[in-house]
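The Zn(2+) binding site annotation in TrEMBL covers CYS96, HIS99, CYS167. TrEMBL lists 28-202 with the feature domain 'GTP cyclohydrolase I'.
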Amino acid sequence: MSTTEINNSNVYERIEVYDEALTNKLSKNYRDILELIGEDISREGLDKTPERVAKAMQFLLQGYKNDPVEVLQSAMFKEDYRQMVIVKDIEIYSLCEHHLLPFFGKAHVAYIPNGTITGLSKIARVVDIFSRRLQVQERLTSQIKECIQETLKPLGVAVVIEAQHLCMQMRGIQKQHSITTTSDFTGAFQKNATRDEFIKLISTKFS
Ligand SMILES: Nc1nc2c(ncn2[C@@H]2O[C@H](COP(=O)(O)OP(=O)(O)OP(=O)(O)O)[C@@H](O)[C@H]2O)c(=O)[nH]1
Ligand SMILES: [Zn+2]
């Protein structure tokens with residue numbers, strides 16, 4: 001297995017994502033696809049494209065290799081705080097399982113601890129792990145909710161995802177500005193007052 005380094009303004013992590021045998025197999029198939037769509041695969045610009053795409057797909061779908069429950073369990077702390085904890089505006093990049101085209105936007109996640117809290121970054125990691133798989137937005141929303149509910153056993157979990165689907169923008173119905181919102185709630189968030197407080201807090205803009 002080879003490795004790659006990702007470096008941007010917010011994160012610096014060494015992630016092992018590229019499996020050599022898999023990269024070779026995927027590259028061979030992407031080479032065939034390029035040929036089938038009528039490209040000249042001998043031209044210079046496409047020389048490394050099959051390999052690049054093979055690696056890009058492994059990166060975009062690396063969520064299959066990670067266990068979100070393990071991630072949450074790796075940072076659980078006993079704490080007697082029983083108020084709402086919200087991690088909002090978590091960027092998501094996923095691929096729709098129907099067209100393999102990206103959908104992307106933001107996830108807002110909240111929970112009310114019942115004696116156990118988790119590391120804040122672990123919430124964002126859980127969102128990433130489920131996003132980096134072939135998804136529909138509804139299932140992504142519910143999987144995040146269920147994972148946090150089952151693992152932390154809080155008094156409630158709320159997940160809202162707002163996303164744009166490229167399969168609706170650059171092809172098909174071609175609606176450039178439509179945004180899809182999905183939400184899922186457990187426990188205390190099923191009560192109107194708690195859910196309204198969550199919605200109000202995720203709608204507040206901090207400058
Ligand atoms: N519910 C849901 N639908 C999605 C999601 N991502 C893509 N889709 C939809 O999946 C549907 C697949 O429908 P089909 O009729 O089988 O595919 P299609 O002929 O490519 O459909 P069009 O996009 O309408 O051209 C489309 O309506 C997409 O908009 C998602 O996350 N959730
Ligand atoms: Zn799609």
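Placement of Cβ uses the backbone N, Cα and C atoms for every residue, glycine included.
Summarising the environment of HIS99 (Zn(2+) binding site), the number of other Cβ atoms within 10 Å of its Cβ, over all protein chains shown, is 15.
Following the DSSP three-state reduction, the secondary structure of CYS96 (Zn(2+) binding site) is strand.
Long-range neighbours of CYS96 (Zn(2+) binding site) (same chain, six or more residues apart, CB within less than 8 Å of its CB): PRO102, PHE103, LEU134, GLN135, VAL136, HIS165, CYS167. Mean pLDDT for the domain 'GTP cyclohydrolase I' (28-202) in this predicted model: 97.
Residues CYS96, HIS99, CYS167 make up the record's Zn(2+) site, and a Cβ search at 8 Å around their centroid adds LEU95, GLU97, HIS98, LEU100, LEU101, PHE103, HIS165, LEU166, MET168, ARG171, GLY172 from the same chain. Of all Cβ atoms in the protein chains displayed, 16 besides its own lie within 10 Å of the Cβ of CYS167 (Zn(2+) binding site). DSSP assigns CYS167 (Zn(2+) binding site) to a helical segment in the three-state reduction.
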